[in-house]
Amino acid sequence: MNDLTKKPILQVLAGETVSPPPVWLMRQAGRYLAEYRQVRSRAKNFIDFCFSPDLAAEVTLQPIRRFGFDAAILFADILLVPIALGRKVWFVTGEGPQLEPFDPRQFEELRLDQTEAVLGSIGETLKRVVPELPDTTTMIGFAGSPWTVATYMVEGGGSKDRFRTRVAAWEYPEAFDGMLDRIADVTAEYLIMQARSGAEVLKLFDSWAEGLPEPLFERVVIRPTKRIVDAVRAAGIDVPIIGFPRGAGTLYPRYARETGVTAIAVDTGVDPAWIQSVLPAGMPVQGHLDPSVLRAGGAALDGEVDRLLDQWAGRPHIFNLGHGITPDVPVAHVEQLLARIRDRS
């Protein structure tokens, strides 16, 4: 059993207020670190990098050694789940992820029988990382939420507006929901494996939840997220789950109430006073510094850190960004951020 008194993030996720708040950053293991780039050069491609427990464990640990973040987050990618579903995924330098576009009407072709075989190495990464962590550091596992994963599968990669996917969700609702269910079921199995391999917290990233009408948001974001949470709990896994429906706007409260997540992560556009007034009482919140101000540094960074610390004071809060850290952020700015937070007491 985890000793909550030693792990500030677990304290917050249990509903406690910790001052100063614990901090970690999305994409904290990444290209802004020279040591990451050195390890990355040893893998022939990004997918192989993710599936190499030795390399993935090393880059997971790098930001902990350098900065002493309160959490390590598993180094992996949300698009490993489509591989387990039987889809091809590859990364093109300068272009990002590429997939063979998938027709949701063929959802029954998606494999449900090879999750452990394909994703088992991710559990091995966790088993390598956990023994190396300081006693106060929490291990976070994660996966992409079904809607966001589906957008990449249907579009064949990244998309500015996910239009093809949204059309498919309206045009073929039964097939589309069947596809989401298959993604959700494999994702749940994947997260259960992560928890059994040492993850103390799980996070679901719905990076493309923005701009959906409420009926569609309910169908493609809330419903499959709840399906995952329910499956994880039914397997006897009781670790906290953080949900991040980025860009959900006024639908954040519904997501928080209806999915069963323990805590909610919010994006940079969310007003702290508003979200505190509409969330379930005492629900922990993670976020939500603008990554651009971290890149800018200086007085602007100090001012934004102070503003967020003031606005979240007295609440169970984990300090993070509202989106992932960018590759061009100077290490000195991360050090400045941490010093500003940790100097508050």
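The backbone N, Cα and C atoms fix where each Cβ goes, glycine too.
Annotated features, as they stand in Swiss-Prot:
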BINDING   ARG27, GLN28, ALA29, GLY30, ARG31, ASP77, TYR152, SER207, HIS323  substrate binding site
SITE      ASP77  site 'Transition state stabilizer'
Residue pair ARG27 (substrate binding site), ASP77 (site 'Transition state stabilizer') - Cα distance, angstrom, rounded: 10
Which listed residue (ARG27, ARG31, ASP77, TYR152) has most other Cβ within 10 Å, given these are recorded positions: TYR152
Per-residue Cβ crowding (10 Å cut-off), top of binding-site residues ALA29, HIS323: ALA29
Distance from ASP77 (site 'Transition state stabilizer') back to TYR152 (substrate binding site), taken between C-alpha atoms, in Å: 12
Top Cα neighbour of ASP77 (site 'Transition state stabilizer') in the set of binding-site residues ALA29, ARG31, HIS323: ALA29
DSSP-derived structure type at TYR152 (substrate binding site), helix or strand or else coil: helix
